[in-house]
Every structure is written in structure tokens, then in C-alpha cells.
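Engineer: Take a look at the following structure, please.
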Amino acid sequence: MKIAVLTSGGDSAGMNAVVRAVVKAGIIHGCETWVVREGYEGLVRGNAAYNERKQTLGALKLSPRFPISSAPSPLAFSRLDLDDTVEKADAKNLASNLRFGDGDLLKDGTSEFLGGRTLKGRYIVRVGWDDVRGWFAEGGTLIGTARSKAFRTREGRSAAAYNLIVEGIDALVVCGGDGSLTGADTFRAEWPELIAELHAANKITKEQFEKHSHLKIVGLVGSIDNDMAMTNFTIGAATALHRICEAIDNINSTASSHSRAFVVEVMGRDCGWLALQAGIAGGADFIFLPERPPKADCWEDEMCAAIQHVSHTISIRSLIHANYCQHRDVGKRKTIVIIAEGAHDKHLNPIRAEYVKDVLADRLGLDTRVTTLGHTQRGGRPCAVDRIIPTLQGLEAVKALLEAKPETPSYMIGLAENKIIRVPLVEAVAKTKSIAKAVADKDFDLAMNLRGQEYIETLEQFVNISTLVYEPALPPEKRMRIGIMHVGAPAGGMNAASRAAARHCLRQGHVPLAIHNGFRGLLDRAIDEMTWLGVDAWAVRGGSELGTNRILPSVDLGSVAARLQEYKIQGLLVIGGYEALSSLVILEEGRKHYPAFQIPIVHLPATLSNNVPVTDFSLGSDTSLNALVDACDAIKQSASASRDRMFVVETQGGKCGYIATLGALATGASLVYTPEHGITLDTLRADVEFLRTRYKLDVQGRSEGRLVIRNEYSSEVYTTAVITKMLQEEGGSLFDARSAALGHTLQGGIPSPLDRSRAVRLSLMCMTFLEEQHELLKKQHQPVLKPRDVCHESVAVITIQADSVKFVPVREMLAHADASNRRGKETWWSGIKNIVEVFAGRPQFLGLGSVQLELV
């Protein structure tokens with residue numbers, strides 16, 4: 001099979017990761033891999049101009065690669081004599097598919113080397129393994145993108161079909177927005193007619209007509225707006241959210257210093273996902289979304305009511321709740337309003353940032369500024385998620401192409417929570433268009449429903465944490481005293497989760513009690529009530545504002561029970577890692593002897609190690625991955641500049657290899673060592689052989705800087721220092737080795753937007769769990785429960801499992817825990833180590849037989 005990949009429409013971070021993944025996965029499966037420059041426009045233009053020039057120069061006995069009077073530059077040649085040997089390359093042999101000479105041209109955007117190769121007139125280009133090396137760390141799309149008017153016509157699609165057939169390409173991966181995917185679906189639907197017309201016009205032979213009777217197409221969504229239906233994430237959305245939150249974090253400090261209001265305009269013509277998520281992660285006071293405009297005719301009153309004064313009662317879904325407290329009057333020094341560029345009122349009249357500024361200034365007397373982020377949201381290096389997910393989606397795209405048959409639909413590769421999914425392309429496009437139509441028809445309830453339940457819940461969660469009320473929502477008999485504590489090591493998102501929990505409590509009428517310094521603080525009576533304004537700035541702070549340590553309740557279980565009884569705590573939220581899970585086990589077991597533990601208790605996993613069993617993600621793991629990616633990008637830059645140098649990078653993670661494994665995938669590491677797989681002398685011997693072989697195959701003087709990622713507990717004998725010295729010795733004249741230990745830098749820093757958003761979502765779900773379980777326990781025997789009567793489901797852990805969020809009783813968690821190593825027995829990411837090494841070429845160059853790319 002010959003697979004081509006193109007990027008179309010707007011650019012977004014992560015598109016290069018898709019191209020890289022498709023190319024490498026295609027080569028691994030014995031396919032020829034091609035890229036289409038400039039999107040559909042390049043598909044329409046094809047290589048006609050280049051081939052014509054080649055024929056002309058061929059008649060003159062000249063090479064089409066070089067000018068007539070010029071000698072080739074040393075960089076003009078790759079290992080193969082390119083134009084003459086591309087057609088001879090064995091698709092199943094990685095060594096003959098390393099490079100076809102255009103990688104640097106594509107990456108640098110130079111179109112041609114001085115006195116050397118050129119891309120002019122060539123839009124469908126064959127690429128090899130090394131031609132796409134390092135691409136995943138680049139923003140935008142290196143193969144270019146364009147909005148093609150020609151492809152929208154029947155003639156343009158006919159030209160595109162002809163160009164694919166001429167190059168022998170029978171499978172196409174399209175990465176773009178809904179317009180690009182609509183074009184892909186149209187192209188596939190018309191394909192039989194198009195090739196029939198080409199055959200009738202004698203433009204293709206009968207053999208070509210029969211061979212290319214079916215075009216295989218797979219779509220991936222590249223859009224920073226996250227506006228495609230039937231997928232949780234689109235490629236580039238997470239990175240755009242990073243750019244927005246970085247700006248808001250900076251704005252927050254100056255807004256607070258000067259007691260100002262800021263109106264921040266973000267992208268989102270038809271979808272308010274960026275504005276909504278930025279509002280949650282950045283601690284905004286009010287947001288404007290295209291799908292949910294204010295319901296009142298005078299939205300200005302609603303906004304002012306939310307920010308300053310009480311006006312009237314509006315539904316929660318209109319972003320306004322009854323009985324507002326005065327944010328400014330309670331002491332807030334800053335106001336942040338986020339507006340999506342496609343925002344409008346209920347009559348579809350645009351709402352502009354400048355007008356919002358005037359309203360805040362004129363009606364509330366606030367010193368207000370406007371910040372329009374514009375295309376800065378598209379730029380920059382992809383974050384960790386926009387390297388990992390597009391890579392896995394690219395693998396799934398190739399797999400879908402290999403399995404495709406004429407009767408199967410074209411698929412879009414999407415994401416549901418943490419599960420890569422296939423959905424029919426036509427259905428996803430149709431549902432996306434129906435959302436825009438619902439907005440145009442002013443049916444905003446339908447638009448919200450089409451966005452999905454999670455989108456609706458996220459909007460309600462924003463209201464929950466941003467709006468202060470005078471009158472609590474729950475009657476006195478349902479109100480609780482809820483303790484909030486951190487246990488274990490600090491992790492990004494802990495503070496955002498605590499902030500959300502405290503504000504939910506205050507809205508509902510509960511008393512949120514901050515338990516400082518974990519169970520040690522509980523024993524020392526370091527407990528106080530949390531306030532709305534007191535947690536206002538917590539969302540963007542790393543570490544643990546409550547303080548945390550690894551002390552378990554078993555240190556003095558009786559006194560722990562006494563303190564819970566003394567402070568009349570009726571529910572407990574424990575945020576932390578494996579120690580927090582262990583604490584719940586101890587408290588649940590202690591119910592036999594202490595009635596004070598017969599309360600609902602919930603654990604929200606938060607640890608950079610991501611070692612809590614069952615759940616796919618813990619708070620802090622995304623922040624840590626981004627810290628690792630940032631550090632490794634800088635390290636790899638140094639290694640690449642030295643040409644023949646590699647780095648052994650040591651990461652944290654305890655005896656769980658999550659950070660090392662996912663970090664290796666996100667940074668393109670050559671090798672990864674984890675506690676789960678360990679390190680043996682045979683492994684090291686094979687790794688040295690692989691690295692020596694790999695460096696020998698690099699173009700002389702153009703070796704890539706490479707990384708080896710090692711978890712700190714991978715081996716007690718083969719330490720980072722030992723491995724580095726071994727590589728230095730065995731590398732000889734081929735490569736040098738250095739080491740870098742990242743240590744606690746992976747724990748610190750500002751939490752990632754994803755960790756903040758996930759913290760709010762899961763924390764509020766935990767609070768609902770505590771409320772529901774409290775009511776269930778109240779209905780049981782009073783006043784004191786017998787141990788056998790206590791519902792075991794009331795002590796649970798909130799988990800993300802593939803495509804859903806579930807509460808798992810702590811007793812069930814134990815069955816999945818490897819207690820001696822403090823990690824889960826099974827993990828969703830265990831197969832990624834294999835992908836890391838396959839993408840580096842280790843099994844292929846060592847001749848280890850067939851290569852598998854399944855996540856097992």
C-alpha cells in the first residue's frame with residue numbers, strides 16, 4: 001500500500017506529530033509513505049511541473065536536481081542516490097527507507113538547497129524514516145497547509161484523483177478541520193465516478209483504473225477550537241489552551257496589582273471550548289460562548305450582576321445564578337472576562353471585546369483593558385498531550401487504512417476520555433454542522449446537547465466555582481462539615497481541586513474545613529474554615545497550599561478518629577497519591593472500631609507518578625510530563641548541536657514507569673528504562689549494538705542528538721551514572737554520552753491547564769459523591785452504625801477508565817494494586833514502551849523479527 005498524508009485548513013500544534021506517526025507506522029507495516037505539501041491545493045497541483053522539467057532536462061542529459069552550471073552541495077546527497085533509487089527502495093526494508101533527501105527542505109521551509117535539491121513543482125513527495133525526525137516538537141505543520149478553492153470544484157478533485165493514481169497512491173490520511181474532513185468524505189464518495197471519467201478520457205490506463213478502484217481515507221481532526229463532534233479532543237486544542245492560560249496567568253498578576261478588569265478575547269468562531277476551559281483553568285469571573293449566549297435581552301445587566309451587584313434571578317445555564325454576592329465588595333481586586341471570538345447575544349448580534357470593556361468601565365467604574373490573543377494561540381511548541389495523542393491516533397489511522405475494505409466507511413480517529421476511537425467520518429461531520437445550524441436557528445439548547453453532556457456539565461462547573469451566592473442551595477438538614485486534605489507528595493492540580501471543592505461547599509451550604517499538613521496536621525488541630533476569597537488565587541498555584549506529607553493515619557488511628565469527631569467532620573476529601581489510597585484502606589478498616597470513620601470518604605488521585613491503580617490519570621501527571629518535555633527539548637537541542645552526543649535523562653516516578661514511558665514517546669527518545677521492565681546486561685548489550693548501528697546510518701556530520709529516558713528506580717545496579725559511562729566507553733568515535741537528572745523539577749511549576757481543568761471536574765464529582773453517600777448513610781441505622789451495616793461503597797476512589805469516569809470502592813482497588821511496588825498490576829500504557837522503541841528503530845535494526853504496534 002502507498003499512503004499519503006496531508007494537512008489542510010488551519011494549522012495546529014500536533015499536526016507534525018500526526019505526519020511523523022503515519023510515516024513511521026506506514027514504513028513499519030511495509031508501506032510506501034508520502035506527504036502532500038500545501039494540503040488539498042498540493043494534491044490538485046501534483047508533480048506535473050516537476051515532471052515536465054525533469055523530462056526537459058533528461059533530453060539534455062542533465063540531472064533535474066541541480067542547476068546546469070552548479071556542482072551539488074555536500075548536503076544535497078542522502079545515503080541513497082535519491083531520484084534514481086527511490087523507485088528501487090524496498091518498502092519492507094527500513095534501511096532502504098531511511099530518507100529520500102527532502103526532510104531538511106520540508107523542516108526548514110527552504111524549498112531548495114543552494115546548488116542542490118528542490119521542492120519546486122513537487123507537491124506529492126515520498127518521505128522516509130529520517131525525513132520526519134524531530135518533527136513532533138515543531139509547531140504548525142511542516143508540510144504546509146492551504147484552503148484550496150480548486151479542490152472544492154469537480155475539476156479540482158478530478159485533478160487530485162489523477163495525481164494520486166499517477167504516483168500509485170491508494171490511501172490518504174487527512175488532518176484538518178470539519179471543512180477538510182468534509183472534502184475528504186466528498187472525495188471518497190466521488191472517487192468511482194472520477195476515475196471512470198479519467199479512464200474514459202484515456203488519462204489513466206485500464207490497469208490503473210482497476211488497481212485504484214477504491215480510495216481508502218481516514219480523517220484526523222486538527223483544530224485548536226476543539227469544535228468537532230464525537231471526540232473529546234482535537235489536535236492542537238490542548239496547546240492552544242496552554243497559550244491562553246499562560247497569557248491569563250500573566251494578566252492575573254497585573255490585574256490584581258492594579259485592581260483592574262481584563263477582557264480577554266480567545267479563538268472560537270463556532271465553539272466556546274477554549275473560552276470555557278480557559279475560564280475554569282484561569283479563574284475567570286464571566287465567559288461568553290457562541291453556543292450559550294446570555295438569555296436576557298440585556299446581557300450587560302447579567303454580566304454586571306455576576307461581577308458586582310445583585311440584579312435579578314436567571315437560570316444557572318445562562319451563566320447567572322440567583323442571589324449573587326458582590327465579588328468586588330467582598331475584596332476581589334481583579335476581574336477577568338473571557339470572550340470567544342464568535343460570541344453573540346441571543347439574537348445573534350456579535351458581542352465585541354471593546355464593547356464589554358466599555359460596559360465594565362461605564363457601569364462598574366472598573367479600570368478595564370482588552371487583550372486579544374489572536375494567532376499566538378496557534379503557535380509554539382506542542383504540549384505533551386499534543387505529541388502523545390496525535391502519535392497514537394496516527395498509528396490507529398494506519399491500522400484503519402490497512403483494515404479498510406470497499407464496503408467499510410471512512411473513519412475519523414477521535415478520543416473518548418483516554419480511549420482512541422473510530423467514528424464514521426460522515427456522521428462526525430454531519431453532527432458538527434448540525435451544531436452550527438442549531439446556533440444559526442437560535443436553538444441554543446439543541447446546540448448544547450449536541451456538544452455533549454460533558455460540555456454542559458463543564459459549563460455548570462464553571463458557574464459553580466465562579467459565582468458566589470448569598471443563600472446556599474441546600475436546606476440546613478442536608479448541609480455537611482467536609483474536611484479537605486492533601487496526603488503524599490505535592491502534585492500539580494491539588495490546589496485547583498481544593499479550590500473547587502471549597503467553593504462548591506460554600507455554594508451548597510456546607511462548611512469546608514482545611515486540614516493542613518495531612519494527617520499530622522489533623523492530629524495537631526491545624527484545621528480552619530475555608531473562605532471564597534481565600535482560595536481565589538489557588539487555581540494557578542503549584543505545590544500544596546494546604547501542605548502535605550506522607551504520614552498515614554495509622555500513626556495514631558485513635559487520635560485521628562477523635563479529631564474527626566471533635567470537629568464534627570461528616571465527609572472527607574483526600575487528595576493525593578498512593579499514600580492517600582493507603583490512608584483510605586486504613587480508615588475503611590478502622591470502621592470496625594471507630595464510629596467516626598463511618599462517614600463518606602473519597603480519594604482524588606494526585607501524583608506525578610500516576611501510580612494509583614485502576615485510574616488512567618492522576619492530577620499532576622500532565623504537569624510533570626510537560627516539565628519533562630520542556631527539559632528534554634532543551635537537552636536534545638544541546639545534543640543535536642553537538643551532532644554526535646546523546647543524553648541519559650533520569651526522571652522521577654517511584655517504581656512506576658508512566659512518566660518515563662510517556663515522556664519518551666513525547667520527546668522521541670531512542671530508549672526507555674522502567675521499573676516494570678527492569679534492566680539486564682543482555683538488554684544493555686543489545687541497546688549498545690542498536691545505538692552504534694543507528695549512528696553509523698546517519699549522514700556523516702548530521703547525526704541527530706538522541707535521548708535515553710531512565711526512571712530513577714529502573715535498576716539498583718545499572719544506575720544513570722553507570723549507563724552513561726558505559727555508553728561513553730562503547731560509543732567510541734560514533735557518539736558521546738552525558739547525563740541529566742531532572743529530580744524534583746518535575747514536581748514544581750505552574751499546573752498545566754489540563755490538570756487544572758481535570759482537577760475541577762473530578763473534585764466537583766467527588767463532592768457530589770460525598771453528598772449522595774451522606775444521605776444514604778443517614779438512612780441507615782441511627783445513631784451509630786454497626787460495622788456490618790456500613791456501605792463499603794461510601795469509601796471510594798474516583799477513577800478515569802478508558803472512556804468513562806467511575807467511583808471504585810477502596811476494597812476493590814486493593815485487588816488491582818501491587819502493594820510492594822506501590823503501583824497498579826495492570827496499566828493502559830504498558831505497550832507504549834514498545835512503540836517508543838519501534839519508532840526509534842530498535843527492533844528493526846536488531847533484526848528481532850516482526851514488529852507489533854498494539855497497545856497491550
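Just so it is clear, glycine is given a Cβ too, placed from its N, Cα and C backbone atoms.
In case it helps, TrEMBL gives these features for our protein:
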- 2-49: domain 'Phosphofructokinase' (DOMAIN)
- Gly10, Arg147, Ser148, Gly177, Asp178, Gly179, Ser180: ATP binding site (BINDING)
- 124-401: domain 'Phosphofructokinase' (DOMAIN)
- Asp225: active site, proton acceptor (ACT_SITE)
- 481-769: domain 'Phosphofructokinase' (DOMAIN)
- Arg550, Thr607, Leu608, Ser609, Asn610, Asn611, Arg645, Gln652, Gly653, Gly654, Glu712, Arg738, Arg822: beta-D-fructose 2,6-bisphosphate binding site (BINDING)
Engineer: Across the record's ATP-binding residues Gly10, Arg147, Ser148, Gly177, Asp178, Gly179, Ser180, the largest CA-CA distance in angstrom?
Structural biologist: 14
Engineer: Can you tell me which of the recorded positions Asp225, Arg550, Gly653, Arg822 is spatially closest to Gly179 (ATP binding site)? Compare CA atoms only.
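Structural biologist: The answer is Asp225.
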Engineer: Within the domain 'Phosphofructokinase' (2-49), how many residues are helix, strand or coil going by DSSP?
Structural biologist: 23 helix, 11 strand, 14 coil
Engineer: Spatially, which candidate from the recorded positions Asp225, Arg550, Glu712 is nearest to Ser180 (ATP binding site), comparing Cα atoms?
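Structural biologist: Looking at Cα distances from Ser180 (ATP binding site), the smallest one goes to Asp225.
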Engineer: So among Asp225, Arg550, Leu608, Asn610, Arg645, all listed as recorded positions, which is physically nearest to Gly177 (ATP binding site)? Use the C-alpha atoms.
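Structural biologist: Nearest by Cα distance to Gly177 (ATP binding site): Asp225.
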Engineer: Please tell me which one of the binding-site residues listed here (Gly10, Arg147, Ser148) sits closest to Arg645 (beta-D-fructose 2,6-bisphosphate binding site), measuring Cα to Cα?
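Structural biologist: Smallest Cα separation from Arg645 (beta-D-fructose 2,6-bisphosphate binding site) among Gly10, Arg147, Ser148: Gly10.
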Engineer: Write down the Cα-Cα distance for Ser148 (ATP binding site) and Asn610 (beta-D-fructose 2,6-bisphosphate binding site), rounded and given in Å.
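Structural biologist: Counting only the Cα atoms, the answer is 44 Å.
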Engineer: If one measures from the C-alpha of Glu712 (beta-D-fructose 2,6-bisphosphate binding site) to the C-alpha of Arg147 (ATP binding site), what distance in angstrom results, rounded to a whole number?
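Structural biologist: Rounded to a whole number, the Cα-Cα distance is 48 Å.
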Engineer: List every residue in the same chain as Asp225 (active site, proton acceptor), at least 6 positions away in sequence, whose Cβ is under 8 Å from its Cβ.
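Structural biologist: Set apart from Asp225 (active site, proton acceptor) by at least 6 residues yet with Cβ under 8 Å, we have Gly177, Thr234, Ala237, Met267, Gly268, Arg269, Asp270, Cys271, Trp273, Leu274.
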Engineer: For the binding-site residues listed here, Ser148, Ser180, which shows the highest count of neighbouring CB atoms within 10 A?
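Structural biologist: Per the Cβ count within 10 Å, the most buried is Ser180.
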Engineer: Take the C-alpha atoms of Asp178 (ATP binding site) and Leu608 (beta-D-fructose 2,6-bisphosphate binding site) and report the distance between them in angstrom, rounded.
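Structural biologist: Cα of Asp178 (ATP binding site) to Cα of Leu608 (beta-D-fructose 2,6-bisphosphate binding site) measures 35 Å after rounding.
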Engineer: With a 10 Å radius around each C-beta, find which of these binding-site residues (Asp178, Glu712) has the fewest other C-beta atoms nearby.
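Structural biologist: If we count Cβ atoms within 10 Å for the binding-site residues Asp178, Glu712, the smallest count is at Glu712.
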Engineer: Please report how many Å separate the Cα atom of Gly10 (ATP binding site) from that of Arg550 (beta-D-fructose 2,6-bisphosphate binding site), as a whole number.
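Structural biologist: Between the alpha carbons of Gly10 (ATP binding site) and Arg550 (beta-D-fructose 2,6-bisphosphate binding site) there are 47 Å.
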Engineer: When the Cα-Cα distance from Arg147 (ATP binding site) is computed for each of the binding-site residues Arg550, Leu608, Gly653, Arg822, which gives the smallest value?
Structural biologist: Leu608
Engineer: Let me know the largest Cα to Cα distance in Å among the beta-D-fructose 2,6-bisphosphate-binding residues Arg550, Thr607, Leu608, Ser609, Asn610, Asn611, Arg645, Gln652, Gly653, Gly654, Glu712, Arg738, Arg822, as an integer.
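Structural biologist: Between the outermost Cα atoms of Arg550, Thr607, Leu608, Ser609, Asn610, Asn611, Arg645, Gln652, Gly653, Gly654, Glu712, Arg738, Arg822, the distance is 39 Å.
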Engineer: Name them in sequence order: residues not among Gly10, Arg147, Ser148, Gly177, Asp178, Gly179, Ser180 whose Cβ is within 8 Å of the mean position of the Cβ atoms defining the ATP site.
Structural biologist: Ser8, Gly9, Gly176, Gly183
Engineer: What is the one among the binding-site residues Gly10, Gly177, Gly179, Gly653 whose Cβ has the most other Cβ atoms less than or equal to 10 Å away?
Structural biologist: Gly653
